[in-house]
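Feature annotations, reproduced from TrEMBL:
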COMPBIAS  1-20  compositional bias 'Basic and acidic residues'
REGION    1-108  region 'Disordered'
COMPBIAS  21-80  compositional bias 'Acidic residues'
DOMAIN    190-473  domain 'SAM-dependent MTase RsmB/NOP-type'
BINDING   A282, A283, A284, P285, G286, G287, K288, D306, D333, D350  S-adenosyl-L-methionine binding site
ACT_SITE  C403  active site, nucleophile
REGION    503-759  region 'Disordered'
COMPBIAS  505-515  compositional bias 'Basic residues'
COMPBIAS  535-601  compositional bias 'Basic and acidic residues'
COMPBIAS  628-638  compositional bias 'Acidic residues'
COMPBIAS  639-653  compositional bias 'Basic and acidic residues'
COMPBIAS  667-677  compositional bias 'Low complexity'
COMPBIAS  707-719  compositional bias 'Basic and acidic residues'
COMPBIAS  728-759  compositional bias 'Basic residues'
Amino acid sequence: MGPTKKELKKQMELLRKQQEEQEQEDSDEIDQEEEDDFEEGDDLDGQDIEDEEEHDDGEDLEEGDDDEDDEDEELDEDGEEIPKLQPNSKLPRKLPNDKSDDEDEGDMEAKAKEQYMMGLKGQPDQAILNMKINDILHILSKFKENSKDGRSRQSYLEELTEYFMQYYNYNRDLVQLFMTMFNPNELVQFFESNEQQRPLTIRTNTLKTRRKELAQILIQRGVNLDSLAEWTKVGLKIYDSKVPIGATPEYLAGHYMLQSASSFLPVIALAPQPNEKILDMAAAPGGKTTYIAQLMKNTGVLFANDVKADRNKALIFNVQRMGINNCIVTNYDGRKLNKVIHNCDRVLLDAPCTGLGIIARDPSVKATKQLIDVQKHAHLQRELILSAIDCCKKGGYVVYSTCSVTVQENESVVDYALKNRFVKLVDMGIEVGEEGYTKYQDKRFDPQLKKTRRILPHVHNMDGFYVAKLKKLENGPRVTKQEVVNDHLDAMENEDVENVNINNKNKKSDHKLKVQKGQQGVIEVTANGEDYDWNEEKEQEKIEKTEETDQKENEEQSKQAKKDQKKPKGEKKAQNETQVKKQDNKQVKKESNDQANGEKKLSKKEKKLAQKAQEKKEKQNNQVKQQDEEENVEEEVEEKPAAAKEQKQDKKNGQKKQNQKSEQKNTEQVAKQPLNKQQEKKEQQKPQKNNNAQKTENEVEEEVEVEEKAEKKVKDFKGKNNNQNNKKFNKFNKHQKNRPFNKQQGKHQFQKNKKVKTE
Ligand SMILES: C[S@@+](CC[C@H](N)C(=O)[O-])C[C@H]1O[C@@H](n2cnc3c(N)ncnc32)[C@H](O)[C@@H]1O
């Protein structure tokens, strides 16, 4: 039975009223936001809300938009506490898809009817939605058993998405995004935890007081508090208070900072030390900066940077309030900071992000943040993290953190840094949190990502956060093999052979290809192989061997690390230093292997062009020397066959010794076995003197070949038929002259000879 006309009219009336109330509330909210705007001198603290604010910053930067997100500041001008957390309510006042403004009578009538039929009064029935959600969760938990209506899993998931959107008031993008990270049951827990208020937390400023003293004073003022957690000695959690926590005399005197528990972690991971040079790349309003300074004991130099000049006001205020005097506040785009600040011992990048880990503190993101925002932030974060690494010294540390739970803004960014810079992930000494993801959808991240930490609101009862600690192993960009190849080929394609320098530096590091930073198209190729001859098999063997050794070393290291945890502090430190050195060496070794690998792939094209360059040089040299050589030619020709014989003889001597036993065997065997046709033929071809049972057949063949070749070359030369041969021959003779002979080994020193040749 449908509703009567009277009932419908009543329903419409009710809707109209609700709409008016809603509009009134909205306009009140806007007024409030304007009042709260930082520009008007409201909050100068903001340390706890800093993470809520950060999510728009990346965009603002791109769009030149400023500070529209400061409405979440915690205190007003007089230090009155503004309730930071929205009241918990899963009942939306206004659904995201409501089009309440332009509805006409017909629409409203239909809507009223629909709502009436559903038993709703202006809003979806939460109880019914809840029930439906639970039903689907039940079906999905044991899909084969529980699904009886022949529907696909996907269609249930789609229905569930709709219910989640309505029940928890998220937009579709976000529900779908979270569904890629959590299974449906976990997702419900995540959504639920975002509806919970968590106790306010503060951090004691140990530059001015001690936690115990602070706690006593606050208790006297009527604050109900407790220590925050086992992993911090400076944190306190406030259950309730008779006084505004952001306006006590202790607060104004800088004895503490309002700061979320999760926000402690990046600084703990950074582990700042006194007298160091540290950079906080995205610092405003200074929650973490002031903690870093405190751990540095107000010594050394701390650069606190933020791209937003306005937010820097709050940063400066906090730095002054907390009595910090080792801090320089700068106002740069973090992406360009690497051109200004270098060689820092440690860098913190508490990156601007979507804030999708702190929804409980800023429920507005449920409706406002979309996938495109995640992608935009991820892009900015990638640029910032590379810059942060570039500001750090070799051997220094970079901590990357966000207050988002999305993989795109976290693991994906760190994985990108691992691929593009010489860094590795290290343990952070943080007990709390879950391992970072190494798999996400079709992506596979570096296994090291396990060392990063995810703090999840539904698991750890803290704001969602992500922390990663990187150690910088080497300066400069890590150029991927493919990039090296591409760059090199680009240079080659431009026929820019002038820029390809083939230097024989006589290093033992074999082929080494290096793209020099900042010199586009200039590639330095160092090689000690003769004329770029690449012995594929040998090199592959070497690479495989090194990889094996690396793997073994890694395993040993992790075993050692476990042992080290039990060692006393001093011993640990010394051990760490040795490990750092070892790791550095290993990295350099790996780099050269990677580069070797890259070069290996350079293929024929590169070889040809490199040869071209070499030939060009040789031509020039030859032209100058040609006259000279022609004069000396007769002399050299006479020396040449002797030199060739000498060389062959040396080789044979060496070989003879090595093969003596096997030769003996071979000869015996040959003598015993009936000769086959081929052998017979060879035997017939052999000159008399080679019918020596001590020599192998190969040797004999080689000798004949050498002699034949030598004779041919002499003929060619004497007849002066071939100019090319002429040059080669002269060069060959010259080398023979220069080749020192190692009497002991009975060998010419090939390595030196190569050097002479290339030089
Ligand atoms: C998460 S907040 C920082 C919170 C701060 N670390 C703290 O603990 O109080 C992110 C900050 O990044 C800043 N930011 C955004 N884009 C930036 C950029 N390109 N360079 C430097 N800072 C940037 C924002 O202005 C914002 O203050």
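Numbering starts at 1 and runs along the chain as displayed.
A Cβ is built for glycine as well, from the same backbone N, Cα and C atoms used for every other residue.
Shown here: features listed in TrEMBL, placed on the structure.
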residue: A282; record: S-adenosyl-L-methionine binding site; DSSP (3 states): coil
residue: K288; record: S-adenosyl-L-methionine binding site; DSSP (3 states): helix
residue: D333; record: S-adenosyl-L-methionine binding site; DSSP (3 states): coil
residue: C403; record: active site, nucleophile; DSSP (3 states): coil
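When Cβ neighbours within 10 Å are tallied across all protein chains shown, the highest count among the recorded positions A282, C403 belongs to C403. The residue listed as 'active site, nucleophile' is 13 Å away from A282 (S-adenosyl-L-methionine binding site) when you measure Cα to Cα.
The residue listed as 'active site, nucleophile' is 15 Å away from G286 (S-adenosyl-L-methionine binding site) when you measure Cα to Cα. Those residues noted as binding S-adenosyl-L-methionine (A282, A283, A284, P285, G286, G287, K288, D306, D333, D350) have their most widely separated CA atoms at a distance of 19 Å. In the shown protein chains, 32 other C-beta atoms lie within 10 A of the C-beta of G286 (S-adenosyl-L-methionine binding site). Rounded to the nearest whole angstrom, the C-alpha distance between C403 (active site, nucleophile) and K288 (S-adenosyl-L-methionine binding site) is 13. Within the model, the domain 'SAM-dependent MTase RsmB/NOP-type' (190-473) carries an average pLDDT of 97. Using a 10 Å radius centred on the Cβ of K288 (S-adenosyl-L-methionine binding site) and all shown protein chains, the other Cβ atoms total 28.
It is A284 that, of the binding-site residues A284, D333, has its Cβ surrounded by the most other Cβ atoms within 10 Å.
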